[in-house]
Amino acid sequence: MDGSAAYKRWQGGSRGGGAAGSGGGGRLGSAVASGGSSTAPRRRGNTDTVKLLMLGYRQELVREFTLFNSFGSNLNVLSSFTALAGSYGIGVGFAYGGPVVMTWGLMVVMLLTLSVGLSLAELASAYPTSGALYYWSYRLAPTRIRTLVCFITAWVITLGQAALSASATFTFVEFVEVAVEQQFGRSLSGVHRLSILAATLVVVGLLNCGSSRTTAFLTTLGAFWHTLALVGFCSALLLLAPKRQSAEYVFTSWQTDSSVTGITSPLYNVLMGILMAQWTFTGWDGAAHNSEETLAAEVAVPAAMLLSIGGAGLCGLALVLTLVAVKMDEYDIVYDASGNSNMVLQILDKILDVSSATPGSSSTSSSTNISSSVALFTIPLVGAFFCSFQAIANNARMLYAFARDGGVPLSRLAGRLQPRTAAPLGASLYMLVACAVLAVPMCFEPNVFPIVTSFAVLACYAAYGVPVVCKQTTGRRHFLPGPFQLRPWLSTANNLLSTTWIGVVLALFVLPASRPVTPGSLNWSGPMLGGLLGGLTAW
């Protein structure tokens, strides 16, 4: 597809639709409302549908999501099990600052992410559509460049979400791999990892073919898993641990491993250490992409975004405090900061060895202890699967909206809905293919994982910042807030804080995570994002 032709098609569709509020290209503003979900109260369903029509779109998806479903769609992506128990999590935290950075860093990042969440929550309340970030950018950007701004924003968030989905899915693959190795003592090859990845994507794809009600049910199930199962997991660790660390150790202990990272600067270690927390708080825009399936979206979506950030922060803090509180000095925990082993499974194994050892006996692993540790490890493993499923589900809604506006190649296919369930079948297939393209190299080269993960955070936060900057500059005069709004002075102050933090995140995630810097250790996510922006502008 010729780039200029695609851009002109997108330009025509955008100007003829939602942003301008009149009929035109694509399907923007060209149809009448469908009346909302049959299960929703008539007034609420009609209100949501009329609001969507005023934004330039007809109701095509079925509204089945409640506030809790919308909250769960974010919480499942902000999976503490995936981000903190994964290869990019607790082991990396111990290499860059240790407990003091992991605990306080997580709390600081949560508060700053809430600031970004407040900025986007105002926009989600004013413009509750699945296009979300790119649509908001169009409505608030300068008139002359608004189409270009939203076109670039749409592609950046699409590829960022694809990278996030790939990272989450491969984390699940790694969980399965280490569980198999622990249980059966067999090392898996790249071909084995590829087979697990393929099977996972097939299952996730089939689940995403279900109706909105099915998606809402799985979302609810995942939300309960990330809360109740996490409480059970943390309780089990603390009860099984023969000894626990002091509060002073948990909140003030400083640890680094310069032999692995090559970094001796305390400040640089702190900056690298908070990256673990920042990955946890990536992808919380999912509730906004589910707006067209959410009842009372003007109120429910912004509330879900903020509640999920706070909820994920509390869940993540509980998991980090538990893992740090378990006394590991005598367990001789060996971890690999590059992500080739899982520290959480090692902790489980060592805890069970020590707790089951009789006086005078050695604490060597037995088959029973190994099976028990693997059984406990299935809790974060299942959490990682819910994260993978939800990431694809949320991102498919955004891609469906982008295709509806004619912004991607083969837009008609990408915007196709399943006739019986009204599920975004074409967009789900697109996202699965994009996820596979990014995840397959990870099966054979471990260094690809941190690059893709860093790119996911960079791209998502770059896209988060665009509509906030547009609102604060050219969009202030004509922005009409929705039911959720801050006082004008507070909104301005918060927007400045959130854009500052986004700038810090973008700067941190292009820094190399180890020294000396070589082509193999260089953080390629920054050049990737720069190349993407340049390519989209030229296209």
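Just so it is clear, glycine is given a Cβ too, placed from its N, Cα and C backbone atoms.
The annotation compositional bias 'Gly residues' is assigned in TrEMBL to 13-28.
Taken from TrEMBL, the feature compositional bias 'Low complexity' covers 29-38.
The region 'Disordered' annotation in TrEMBL covers 1-44.
TrEMBL lists 75-96 (among others) with the feature transmembrane segment.
Proximity of distant same-chain residues to the transmembrane segment (102-127), defined by a Cβ-Cβ separation under 8 Å and at least 6 residues beyond the stretch ends, is recorded for 55, 90, 93-94, 133, 135-136, 139-140, 250-251, 270, 273-274, 276-278, 280-281, 284-285, 287-288, 291, 298-299, 301-303, 305-306, 309-310, 312-313, 316-317, 320-321, 324, 461, 464, 467-468, 471, 479-486, 491, 494-495, 497-499, 501-502. Under the heading transmembrane segment, TrEMBL lists 102-127 (among others).
TrEMBL lists 148-170 (among others) with the feature transmembrane segment. Outside the transmembrane segment (148-170), and at least 6 residues removed from its termini, the chain residues within Cβ reach (under 8 Å) are 7, 10-11, 14, 77, 79, 82, 88, 131, 133-135, 137-138, 141-142, 197, 200-201, 204, 282-283, 285, 384, 387-388, 391-392, 394-395, 398-399, 402, 407-408, 431, 434-436, 438-439, 442-443, 449, 452-453, 455-460, 462-463, 466-467, 470, 529, 532-533, 536-537.
As annotated by TrEMBL, transmembrane segment applies to 190-209 (among others).
Marked as transmembrane segment by TrEMBL: 216-241 (among others). Sequence-distant contacts of the transmembrane segment (216-241) (same chain, at least 6 residues past either end, Cβ-Cβ under 8 Å): 64-66, 68-69, 71-73, 75-76, 79-81, 207, 210, 293, 311, 315, 318-319, 322-323, 325-327, 347-348, 351-352, 355, 376, 379-380, 382-383, 386-387, 389-390, 393.
Sequence annotations record features per position, and here TrEMBL assigns transmembrane segment to 267-287 (among others).
Packing against the transmembrane segment (299-326) from elsewhere in the chain are residues 65-67, 70-71, 73-75, 78-81, 83-85, 90, 93, 99, 102-103, 106-107, 110, 113-114, 117-118, 120-122, 124-125, 128, 226-227, 230-231, 233-234, 237-238, 241, 244-245, 249-250, 277, 280-281, 284-285, 287-288, 290-291, 344, 347, 351, 482-484: each is 6 or more residues past its ends and has a CB under 8 Å from a CB in it. For 299-326 (among others), the entry in TrEMBL reads transmembrane segment.
The transmembrane segment feature in TrEMBL is assigned to 370-392 (among others).
Per TrEMBL, transmembrane segment is recorded for 422-442 (among others).
According to TrEMBL, the feature transmembrane segment maps to 448-469 (among others). With a threshold of 8 Å between CB atoms, the same-chain residues lying at least 6 positions outside the transmembrane segment (448-469) that come near it are 87-88, 116, 119-120, 123, 133-134, 136-137, 140, 149, 153, 156-157, 159-161, 163-164, 166-167, 170, 275, 278-279, 282-283, 285, 339, 438-439, 441-442, 495, 498-499, 502-503, 505-506, 509-510, 513, 523-526, 528-529, 532.
Annotated transmembrane segment per TrEMBL: 489-511 (among others), in sequence order.
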